[in-house]
Amino acid sequence: MTGASTSVVSKQRIDWIDAVKGLTIILVVMEHTTFGVSNAIGQMPAIFGAIAEFAKPFRMPLFFLVAGLFAYKALYGDLRKFIDGKVVHFAYFYVLWSVIQIGIKMIPHSGAWNVTYVDLLMIPIQPFAVLWFIYSLAMFFVAMRLLRDARPAFVFFFALALYFTRLDTGWMLLDEFAWRFIWFVTGVYGAKQIFQLADWARVYPAKAAGLAMLMLVCVSTVVFSHLVDIRAVELLMGFAGAGSAIVLVSLLANRGLAGPLAYVGQHSLQIFLSFFLPMAVMRIGLTRLGLENGDLITLISVIVAVATPILAFRLIEKTPFDFLYNRPDMFRLIAPRAHRPNIVMAAGGD
């Protein structure tokens, strides 16, 4: 394959992967907003409540699966670079934004938040709010680095066994690891097949779209019939939903229609870290203004919660507040590269 054609393939792959990341973060923001609005107005928003329930089996599986796609190089690369990019990187943003979130929620308010100084002390062992995903990603990378020489079948069935334990110790790190590790492992070992699926979708768009829609209908049927409560069925729906999302987003990217999703995906880290504040401010503000339509409140809040972190990132870039979204050199083990692809941001450091 020539250098030019390789570049085109890489660009296509990055486009759909960024777009999938964008879809994932929007679904995450939507879920948190939906349940926040439900608590605020006393009833679940009809449309967004249904969407959140429908996406639950594959929302986070899709995120961790995509995060594992480019993990191979880090897992088998230089140890110092691995620690810097996959441990220190995550630790920096996790600790920084845990302190920020807890600090904000300790300010006197009329909401239902209940945090104390104990939450600050628990940061190293009990993730706060949505920031558990950063801690989990670091744990997944470390676990896979330690298991890199084990047979893939052993690692896969180990992750599968953890999934079926339904671990519920109350310790979020352990419980989430057992529940989500299978998806990261699938991304690592199934990267070739996942890329082939996306490539197949671009070659046979009609067949791919039809199959994806059929799978999503199956997911919907299983979710709303509550069969998804069966662990094995939940696992299958995770694969069906994630695969369908990859196919459909790949088709959109191939037609040049995934630009907005890809742009959001390129800023997924910034959104994950800070969407909570604009989301809460907008939700509270709209309800206090007397707006009673839960779906409208959710829609406006989601748009603001996704857009504000991107805007904030652009505004503070190369200012003294740049440390909020970019790791300073003093917290690096190796010097940063001059150009850092956005795609690395979702699965690890720069």
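Backbone N, Cα and C define each Cβ position, glycine as well.
TrEMBL: automatically predicted annotations, no manual curation.
Pulled from TrEMBL:
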DOMAIN    14-310  domain 'Acyltransferase 3'
TRANSMEM  58-75  transmembrane segment
TRANSMEM  87-108  transmembrane segment
TRANSMEM  128-147  transmembrane segment
TRANSMEM  154-174  transmembrane segment
TRANSMEM  208-228  transmembrane segment
TRANSMEM  235-253  transmembrane segment
TRANSMEM  265-284  transmembrane segment
TRANSMEM  296-316  transmembrane segment
Review point. Most CB pairs under 8 Å with the transmembrane segment (235-253): which of 58-75, 87-108, 128-147?
Key: 58-75
Check your understanding: What residues in the same chain, six or more past the boundaries of the transmembrane segment (296-316), come closer than 8 Å to it by Cβ-Cβ distance?
Key -> 25-26, 29-30, 33-34, 36-37, 40-41, 45, 48, 263-264, 267, 270-271, 273-279, 282-283, 286-287, 322, 324-325
Exercise for review: Count the CB pairs under 8 A between the transmembrane segment (58-75) and each of 87-108, 128-147, 154-174, 265-284, then give me the winner.
Suggested key: 128-147
Point to revise | For the domain 'Acyltransferase 3' (14-310), the mean pLDDT of the predicted model | key: 95
Study note, to complete from the structure: Sequence-distant contacts of the transmembrane segment (265-284), meaning Cβ under 8 Å and at least 6 residues beyond its ends, amount to 17-25, 28-29, 32-33, 36-37, 40, 93, 97, 101, 104, 111, 129-131, 133-134, 297, 300-302, 304-306, 308-310, 312-313, 324-325, 342-343, 345-346
Point to revise | Residues of the parent chain within Cβ reach of the transmembrane segment (154-174), under 8 Å, 6 or more residues beyond its termini | key: 125-127, 132, 135-136, 139, 144, 147, 181-182, 184-186, 189, 231-232, 235
